[in-house]
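According to TrEMBL:
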- 104-445: domain 'Peptidase A1' (DOMAIN)
- ASP122: active site (ACT_SITE)
- ASP327: active site (ACT_SITE)
- 455-468: compositional bias 'Polar residues' (COMPBIAS)
- 455-501: region 'Disordered' (REGION)
- 479-501: compositional bias 'Polar residues' (COMPBIAS)
- 508-528: transmembrane segment (TRANSMEM)
Amino acid sequence: MADSFNFGSYFGYLVLLILVWGSQRCDGFGTFGFDIHHRYSDPVKGILDLHGLPEKGTLDYYTAMAHRDRLIRGRRLADTVDSTPLTFADGNETYRISSLGFLHYANVSVGTPSLSFLVALDTGSDLFWLPCECTTTCVHGLMTRSGQVDFNIYSPNTSSTSMTVPCNSTLCGRRRQCLATSNTCGYQVVYLSNNTSSTGILVEDKLHLTTDDSQLKVVDAQITFGCGMIQTGSFLDGAAPNGLFGLGMDNISVPNILASQGLAANSFSLCFGPNGTGRISFGDKGSSDQGETPFNLKQSHPTYNVSVTQIIVGENVTDVNFSVIFDSGTSFTSLMDPAYTIISESFNSQALEKRHPFDSRIPFEYCYDLSENQTDSEIPAVNLTMEGGNQFYVTDPIVIVYFQNGSAMYCLGVVKSEDIDIIGQNFMTGYRIVFDREKMVLGWKPSDCYDAKDSNTLPINPRNSTAVPPTATVEPEATSGSGNGSPIATPSSSLPTPANNSPRLNSFTRTLLTVLFSLLIYCFTILLS
């Protein structure tokens, strides 16, 4: 009797696990995403190439991007100095730094009939807003070297699935204003830049997403976003000309809305490839073998802030204790002292090439000359130990700068900061970075951004990484360091097969088959709906 009871319990637990798995797989908790493009990727440059931006990899390019980083601290637009022209080192061409705008963009489709918008991605703000029913207070198009580029303008009146958000909505909180005359919820987002803001009303409409699996199923998510009727400041200069997609931690952000509707886990990932393209996936909770560290949540306005406990550069190991923001909108990692001095001096003591003389035009302090025929060089590996013990191996710690005379040098891609510590996109390249807002952890794993096996959508248990990266190599033909590492295969577990002579086998087999058949019919119905 005891053996039969245990066997029955075993199958009972198995049925329960299958039901839980099936409810997650059929009711949602998939991943939905779209491609993202760097400001200097070909698709974005073809649209936003406003003022003949400098060639990628040149000294002018790095100077411009570092200058932009200083102006966009903490994922907020710059102070009034963003209108100051920047003069290039190799010529007298100038342009407004706001033309660089945000770092990453994506095409999103909204409404019925659907309209496409080239939106800037922003992990430092919460609200998703689009230019809406505006004339002189938003950007309708931009004049580029290739001609006029016109943008779509959203209108609730032309979308059959649009609805205004009423004052009694839970999303119309204290920070937003109720327009009593029309019972609509108004909003205003004011950025750090002087006179840079977006003002309008909150609306609901369909955001058209596509599943990340092989079926590529289209899912229409009813989301809340800002109908931006008035844009001011840098938004009118091209910083985010066709809308802004906030990815912060507030309830109004799209990841939270998708989770509240049961469409996806409250988590998303950003993956940065070396060629300027990447992927954002909503609902992605990473994988069981990724590195993880908890978010620091004690701030009044929580951000994607984590703690670093150790800096390892080559053979030098230094214990530290400071917090950093993982900010996809900052080009280059910026650190305050003592972290900046620790990482840069450790790197300098192990670099093999001659250090380049100080040059005020170069935004990086630690640079090294490459000889005319040099094709590679060993550089010290850079590794950050995060709170909890997991290690973040920087796959791209250097930048390579080319000069007009054909010479080149490489630099440690870290700039000194006076006010905030930020892990910029250059340190995140080659990784899928997971922002898990359910477990409140940051995850990371090497990825080429298009390998679906790198991620899953189910709850996971973190496991410490033990892999040791290869020595980084400088190749002047490329513009960055190399080495992504191969994804680690997760072995699948199998349950033991019960003996055929069990007195309970037939009845539980029938029960199990009945459950599986019902679940299959349910899933099939969901897929057809």
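Yeah, the Cβs are placed from backbone N, Cα and C, and that goes for glycine too.
Between the CA atoms of ASP327 (active site) and ASP122 (active site) there is a gap of 9 Å. Mean per-residue pLDDT, taken over the domain 'Peptidase A1' (104-445), amounts to 88.
Taking all protein chains in view, 27 other C-beta atoms sit within 10 angstroms of the C-beta of ASP122 (active site). All chains included, 27 other C-beta atoms sit within 10 angstroms of the C-beta of ASP327 (active site).
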